[in-house]
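Enquirer: To start, I am sharing the structure in question, which I have written as structure tokens.
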Amino acid sequence: MVTVKLYGMAYSTCTKRVYTTAKEIGVDVKIVPVDLMKGEHKEPAYLDNYHPFGVIPVLEDEDGTKIYESRAISRYLVAKYGKGSSLLPSPSDPKAYGLFEQAASVEYSSFDPPASSLAYERVFAGMRGLKTNEELAKKYVDTLNAKMDGYERILSKQKYLAGNDFTLADLFHLPYGAMVAQLEPTVLDSKPHVKAWWAASLRVIPGRLLRNSSKEFM
């Protein structure tokens, strides 16, 4: 089995995004912890050798190839090791590939900003000893609810965001989506097609896999 190194942290949603992708295509992951609280991600050696902007995660492949940014890492893993997987349509099929990139762009531009901001206010701020700004948190919830109107329109016509197959575009939602589902359940269960999509996505990638990603860092 292929084994890759993943530099990251247990509670990093972006680290979980890569871990989940790797496990879905049968790639083993060796976790290399990067302690954000100690500032290890800002040390010169890390900046020079792993991530020029000093964030996580970073993948190191068996041949020494290093890739950073969680969505880029996930695409790389599936392109190299997930042959035949529906997670990433082949560029040789322009329509399927274009619809996938469209859906992936929706996650990146419409879902991630308010979802990650809500998670920061309600969870990560407290981990840093900061108080939650409830006014901001409510703003992010309102934004997510408005975005779900667009999701409902898409998902009323197809099972998943890029069509009728589960792809990375759906998987990319899972780490922050799991947090949103706990923090504000109505965001993902108040609209019938969004609710069905979320349930179907969790059947493909069980919640236990997202939880287990943290255990490998211990």
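From the backbone N, Cα and C atoms, a Cβ is placed for every residue, glycine too.
From Swiss-Prot, for reference:
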| type | residues | note |
| --- | --- | --- |
| BINDING | Ser12, Thr13, His41, Lys42, Val55, Ile56, Glu69, Ser70 | glutathione binding site |
| DOMAIN | 2-85 | domain 'GST N-terminal' |
| DOMAIN | 93-218 | domain 'GST C-terminal' |
Enquirer: What does DSSP call Glu69 (glutathione binding site) in the simple three-state scheme?
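Expert: Glu69 (glutathione binding site) sits in coil per DSSP, no helix or strand.
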Enquirer: Assuming the binding residues for glutathione are exactly those in the record, Ser12, Thr13, His41, Lys42, Val55, Ile56, Glu69, Ser70, what is the maximum CA-CA distance in angstrom, rounded?
Expert: 19
Enquirer: Considering the binding-site residues His41, Lys42, which residue's Cβ sits among the greatest number of other Cβ atoms within 10 Å?
Expert: His41
Enquirer: Comparing the binding-site residues Val55, Ile56, which residue's C-beta has the most other C-beta atoms within 10 angstroms in this structure?
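Expert: Answer returned by the neighbour count: Ile56.
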Enquirer: For Thr13 (glutathione binding site), which residues of its chain lie six or more apart in sequence with Cβ-Cβ distance below 8 Å?
Expert: Ser116, Ala119, Pro175, Tyr176, Met179
Enquirer: Give the number of CB atoms, excluding that of Ser70 (glutathione binding site) itself, located within 10 Å of its CB.
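Expert: Counting Cβ neighbours of Ser70 (glutathione binding site) within 10 Å gives 25.
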Enquirer: Using a 10 Å cut-off on Cβ-Cβ distances across all protein chains shown, tell me which of the binding-site residues (Ser12, Glu69) has the largest neighbour count.
Expert: Ser12
Enquirer: What counts of helix, strand and coil residues does DSSP assign across the domain 'GST C-terminal' (93-218)?
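Expert: Helix, strand, coil within the domain 'GST C-terminal' (93-218): 96 helix, 2 strand, 28 coil.
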